[in-house]
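Swiss-Prot has this to say about the protein:
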BINDING   ARG23, GLU80, LYS120, LYS454  (6S)-5-formyl-5,6,7,8-tetrahydrofolate binding site
BINDING   226-231, 245-251, 270-273, 335-338, 358-360  GTP binding site
BINDING   ASN226, THR245, ILE247, THR250  K(+) binding site
BINDING   SER230, THR251  Mg(2+) binding site
DOMAIN    216-377  domain 'TrmE-type G'
Amino acid sequence: MSTTDTIVAQATPPGRGGVGILRISGRGAKDVAQALLGKLPKPRYADYLPFRDAAGATLDQGIALWFPGPNSFTGEDVLELQGHGGPVILDLLLKRVLALPGMRIARPGEFSERAFLNDKLDLAQAEAIADLIDASSEQAARSAMNSLQGAFSTRIHQLVEALTHLRIYVEAAIDFPDEEIDFLSDGKIEAQLNGVMADLDSVRAEARQGSLLREGMKVVIAGRPNAGKSSLLNALAGREAAIVTDIAGTTRDVLREHIHIDGMPLHIIDTAGLREASDEVERIGIERAWNEIEQADRVLFMVDGTTTAATEPAEIWPEFMARLPHRLPITVVRNKADITGETLGMTEVNGHSLIRLSARTGEGIDLLRDHLKQSMGFTSNMEGGFLARRRHLQALEQAAQHLVEGKEQLVSAYAGELLAEELRLAQQALSEITGEFTSDDLLGRIFSSFCIGK
């Protein structure tokens, strides 16, 4: 669709409410004001007046706000009509606006898209609007606001600027090879490159934490039947989310609970006990359990402490460990400490964390919560933090890889042309985050996930 049309959409959620808002953006916004209000309101002042139909009858009365472009959210002329929040009233107002020439309903996210296209905000800031609306915790909301205010974008621009300066030196070394000082071999370019790589690593670490805050950490509870997996799910969730009995194989399907630990979102998944299936239903449940394990960020390997004194995972269940995806982090949870009399606490066993607790009594659960936070590098103090999406992490990873390859070309062969190309590609990958180098297809996918009125 054309981005020069005048668009309209309801900016408040559907349903009944005290206030309902229509947002209009585009060259025809002033025509809407003249038609419904009889005048053009004073810019950026609230004006209380009737909203009229084509015959001059009052449809509603409320507040009109007029923002002439380019000093508006979208960079275009914008009119907001704030009336009563009844569905019928809003529908009448919407039909009235759409009856005027050149008006159409906005696509999802089109207001934010126009703001991006008119350089009112970059792509990372536009995405932060949707993240702010979807925030599931106070910390996520604060980090989304930081992103909206440019915290993430500023870090990216600093990296791009540093790469620009570095490219200048490299291009100079290529263009003037006969100069007395060889910039490629005197160590200065390598030192600058190392500095950029260190800064990029810092941003990547913050972005991973921002992604964790946005997406949540997927933790799968796995183990043999009757190890206490469902009891642990209930203890972490703080409610009876799963049925708990002494009958082996009670849990036959995947159970999911979404919880927060000091603002960190976690997706806790209880799975069927892993063993040789006794019937088709149990076989399907075990297959689903392994599917969840393979997609997990961390596995809590539940062990019934009354059945073994072993603490080494490979000794407890070698077949289970052999099937786990490579490098998938696991935490061994020795359950039923209230029965075995084991001392509660956490230790390290051959690179794996081991926690002794009682899911039934709740003893040791707080220790597990702290461990889950620490294992993902999460801190409750993220005042300057920002949210990040998977595409951001991918772009940062691509940029880092290009810098690694560029350094290899510099150190091994002083290949200036190849280094310059890797620097350019790294810069392009970073610019995709803010939207300076982004395909139209990607823009369409990003903004289509927004609300209609945003």
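Yeah, the Cβs are placed from backbone N, Cα and C, and that goes for glycine too.
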Over the domain 'TrmE-type G' (216-377), what is the model's mean pLDDT?
83
So of ARG23, LYS120, LYS229, which of the binding-site residues has the fewest other Cβ atoms within 10 Å around its own Cβ?
LYS120
Considering Cα atoms only, can you say which of ARG23, GLU80, LYS120, SER230 is the nearest neighbour of SER358 (GTP binding site) among these binding-site residues?
SER230
Should any of the binding-site residues ARG23, GLU80, LYS120, SER230 have a Cα within 10 Å of the Cα of ALA272 (GTP binding site), which are they?
SER230
Give the number of CB atoms, excluding that of ALA272 (GTP binding site) itself, located within 10 Å of its CB.
27
Among all the protein chains here, how many other CB atoms are within 10 A of the CB of ASN226 (GTP binding site)?
22
Chain-internal residues, separated by at least six, CB under 8 A from LYS336 (GTP binding site):
GLY228, ASP304, GLY305, THR306, SER358, ALA359, ARG360
What's the CA-CA gap between ASN226 (GTP binding site) and GLU80 ((6S)-5-formyl-5,6,7,8-tetrahydrofolate binding site) in angstrom, rounded?
59
Inter-residue Cα distance where the pair is ARG23 ((6S)-5-formyl-5,6,7,8-tetrahydrofolate binding site) and SER230 (Mg(2+) binding site), in Å:
48
In the chain carrying GLU80 ((6S)-5-formyl-5,6,7,8-tetrahydrofolate binding site), residues 6 or more apart in sequence that have Cβ under 8 angstroms from it:
ALA11, ILE21, LEU22, ARG23, ILE24, ALA64, LEU65, PHE67
Distance from LYS229 (GTP binding site) back to LYS120 ((6S)-5-formyl-5,6,7,8-tetrahydrofolate binding site), taken between C-alpha atoms, in Å:
50
